[in-house]
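Student: What follows is a single structure, and I will ask about it in a moment.
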Amino acid sequence: MSSPMPGFTHWRTRASSVSTAPGDNRRRHDSTEFGSSPPPSSVIGIDHPSRLSSSFSGQREPIRSFIHGSGREHLAPKDSTHTARTVREDTADLATYVLTDGKDEGSRSFLQRSRPSVSDVFSSEPVESEAGEDRNQDVILEVSEPPSPNDGEQEPEDEGPSALANLLRKSPPQSIAPDRSRPRKGVGHERSLDEPEDLRSRRSTRGEDAADDEEHTENTPLLSGATSRSRTPDEDVEDMRPEPRKSWMGGLKSRAQGAGRHAARTFAVAANPKQWDGKAIWQTCCVAPASCLPAVCVGLLLNILDALSYGMILFPLGKPIFSHLGPAGISIFYVSTIISQLTFSTGSIFKGSVGSELIEVVPFFHNMAQKITDIVGVENPDAVIATTIVSYSMSSMITGLVFYLMGKFKFGFMVGFIPRHILIGCIGGVGWFLIATGFEVSARLEGSLEYDLDTLHKLTRPETLPQWIVPLVLAIVLFWGQARVKSKYFLPLFILAIPLIFYIFVLSLNALEIDNLRDKGWIFEGPPAGEPWWYFYTLFKFTLVRWDAVAECIPAMFALTFFGILHVPINVPALALQCGEDNADLDKELRLHGYSNFVSGCFGSIQNYLVYANTLFFMRSGGDSRLGGYMLAALTFGVMTVGPSLVGFIPVMMVGCLIFDLGFELLLEAVWLPRKKLKLAEFLTVIAIVLVMGIYDFVIGIGVGIVLAFVSLIVQTSRVSAVRSTFAGDTVTSTVRRNPSQHHYLQRVGGQIFVMRLTGYLFFGTIVSVENKIRSLLDHKTFSEKPIKFLVLDLWHVTGLDYSAGEGFNTISRLLGKKDVVLVLSGVEDDSQLGRNLRAVGLGANGTEVVMLPDLNSALESCENELLKTLYARQAEMNSTKRVATASLDVPKQTESSFSSFDPPFNSPRQTHLAEAASDAIRSDEVQQPQKWQSFKEPLRLMLQIFQGLSDKNEDFWFQLTHYFKRRELAAGTVLFRRGEEANGFYLVERGILRAEYDLPQGWLCESIMPGTTCGELPFFSETNRTATAQVERECVVWQMDREGWKRLQQEEPEVARELLRVSLKLTSERMSSITSYILTLAG
């Protein structure tokens, strides 16, 4: 390991640049010139070093989460802005150093200044108290400005609803401003031109027209009576001030009052026949209902078909305990449908909305019924039924509560985070379940469909085979016909034709008897005689309910709720798109679904929702009105009251055909149609969900789908590289305008800076690719060919990271530390969550050097400064090793070793590269910088320094130019010129820092202009306006050529003017190349 180079301390043993060491007085003086007060010591963590070190001692263990205070209660304070200022001071010192001869020891003091590291804040070494006292003496405390004198306390003004209202209210035009020089009477009561005479006279008696009698002066407003009425300054000129938010009780009260007033008006009109409008009565009572009647009939038919398809199988009819509850299931279906229909017809934005049972509840209900039966036992049928029906109702109330809370707190958008292929898989699982239910219902199997030989034997018995084959064949024909026939009446006509043809055969053939067919399973068993539609309410026997069994069904209830909430955020936007409704409010619709489901549960019924297909069918049939919805609810209630007696005459094949057809449609939608749209992993997830739901368990199937989706998401996200782009330092540089000699040197050694821009959220899946990329850079062969000294990780586009990613950064820092590569993190604000998370995992606390800077430009500037320090350290070493002639040869002195810290075998390939580049640059400078330049007066020496390598002219030639420049001293904060101004000056920077800001509509860019460079040459020589605003950041000395001087130079010394113009174009070309490279890097 080589010894440290002269003027440098080892990276690991350097003190923080924010601490004060002997010889730092000059730097503190420079920071005063910077133009901003130093940050408080409490911010940068140097006021109480002992307390800082003690707060971190004993807390080296890695934390497991980013919960503040769990692992590290007090994170080390870190001021990245102060770090950037320290980098800027180094840049200025380096630019000034190149303009001097370098012999002054004070001018090289900045070479001993180290860059601040994250490891500094973890250091437990105490700081000397004397230094702290001196530092505190230099700190200028900021004194708050006294409050502005006011006549009195002012209440906060109530802001208007818009910026226009506030502008007009707070800033009235001067032309109508009140005259404050004398008292005014009646100015605030302007009247309109068409004001009645009597009102005008009444106002005059109150003195409101006194202003009309006043003498008109030159201050009298010309538009004193132009407005219809006066507005006070605090009045909302748009009349759109938001109303105060009412409580739900106040809103309910106002609605009740409005309904009462409406009822009173209606009663008053009804009691007075003279006010009746015959045409309106005919339109309202006859025409409107008649126009809705076709759509109502279609909707009623759909409700009946759905009741036979889903309501009939609400209970597992294959089990003996529930075999007689088919009519009860239909009644429960109708109650839920009526409640939903009334709710959506009253409050939904879709006037023709149709509500119905959520068909996907059937598999979950069967699962709950089976679980309750297993817990309670078949020997207690009444308790099983009571517990089951209570569980059904409770699940509806839970679903309604979740719907309402999502709408209340506007969480509807969260459903968009659930992968769509999960929903597709669930739909396919429901399709599988319906096909299996079709076999159970058609073949009259006892229990559920089991996938074994015993079930196959039952299905293939001669008396059972035609019972399921006939509805299966009918379903296949119906399914095929729906794909070929586009008429909307095909499905209802086909379904109605089944019982018609069935009873034609029954009545035509004497061998077929209805009672015999019912006993053999061809016709459903009817309810007992006299059983009303409300029979299911008698099943609510709360004394028999097993609440432990209800608790066991809670997971299924929440799974059912999860499946239910997937539909509404999909159906509502899709229906709004189909109907052209631009004002659909998803949160309002969610709240309506909450009301509907909760009320349905309270009435002993089940879940419901706004059915997309039925609503579209209903609206296209002419039912786009709330009246049509109310009529549909009324007719559905009428069918419910007479429905149970009709169940005993419904053919089983009719219901089986409907169930099979719906199962085919759902499987087609979930498995066949998306096969080319989904990725392979997503399609396999869909298949897995369908199989697990259909064969094993519905709730487990949803869980499997979520787990598979999560795994698929991790795999897919991990394949997306977190590395946005990579660059080398010789490709992209900072926007600092440096001396040409420094610029050329950095072009040679810039390859030792490697920039890696990261993006997205870093987690355990993406940090691996970052780590592998860095390992490839540090590979022995790659590192030997392209050694690097600085690795800049730009985190500007990183949105966050988890604990695994934080530990990954620790691993990266250790890998870089073994190669003595400095890790620089850019785009990390000191108080940002990202910066706190990185320090929470102890990044930089293990002895490795980590530097955090607020942006990529500061990071590049810091790395370039360190490389330039190597150049000047090499220059100082070469000067110190030059042999000095002795006066006597009698006693020869001991010769110094010819080896240095830069020479092999004490260095690495990376250090050799730096030494060779530095030596070449120094030799080149020695040729281009004779010692006699240092004795030249300004601005000749400055011109020779700036123009070296850009012109072959000597000092005699450029001496003619010195008379056209004027010296200017600029204090910090001075604006040299602004964007858009005329370019009246060309500047040579001798000392200080200029900051040029390009604030354009396309974005913002900042450029630092250092000593030994030029400023403002392109607009000046091209006679265009300034493209940037230049401000003095640190006290400057510049040499200015104004417009008059440039004209005189062109007339008196045209050859010098032409050469100056060529040099300025070369300088501009280099700067444009650097800035373009930096901008493209940011865009990459």
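Placed from the backbone N, Cα and C atoms, the Cβ positions cover glycine too.
Unlike curated entries, TrEMBL annotations are predicted automatically.
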Student: TrEMBL tags one of 306-323, 630-647 as transmembrane segment - which one?
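Tutor: Comparing 306-323, 630-647 with TrEMBL, transmembrane segment matches 630-647.
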Student: Quick test of your reading of TrEMBL: among 325-344, 785-804, 985-1004, where does it put transmembrane segment?
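Tutor: Within the set 325-344, 785-804, 985-1004, TrEMBL attaches transmembrane segment to 325-344.
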Student: What residues in the same chain, six or more past the boundaries of the transmembrane segment (653-672), come closer than 8 Å to it by Cβ-Cβ distance?
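Tutor: Hits for the transmembrane segment (653-672): 305, 308-309, 312-313, 359, 424-425, 427-435, 437-438, 441-442, 467-468, 470-472, 474-476, 478-479, 482, 495, 498-499, 502, 522, 524, 686-687, 690.
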Student: Write out how many residues of the domain 'STAS' (753-863) are helix, how many strand and how many coil, based on DSSP.
Tutor: 49 helix, 31 strand, 31 coil
Student: Averaged over the domain 'Cyclic nucleotide-binding' (949-1067), what pLDDT does the predicted model reach?
Tutor: 90
Student: Flag the pair the transmembrane segment (556-578) / the transmembrane segment (684-715) as in contact if three or more Cβ pairs fall under 8 Å (sequence separation 6 or more).
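Tutor: When sequence-distant Cβ pairs are counted, the transmembrane segment (684-715) touches the transmembrane segment (556-578), since at least 3 lie under 8 Å.
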Student: What stretch of 383-405, 417-439, 465-483, 598-618 shows the most Cβ pairs under 8 Å to the transmembrane segment (684-715)?
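Tutor: Answer is 417-439, with the largest number of Cβ pairs below 8 Å.
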Student: At a C-beta cut-off of under 8 Å, are there same-chain residues at least 6 beyond the transmembrane segment (383-405) that contact it? List them, or none.
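Tutor: Apart from its flanks, the transmembrane segment (383-405) reaches 314-315, 321-322, 325, 332, 336, 361, 364-365, 368-369, 372-373, 376-377, 411, 536, 539-542, 544-546, 549-550, 553, 556-558, 560-561, 564-565, 568, 590-591, 593-602, 604-607.
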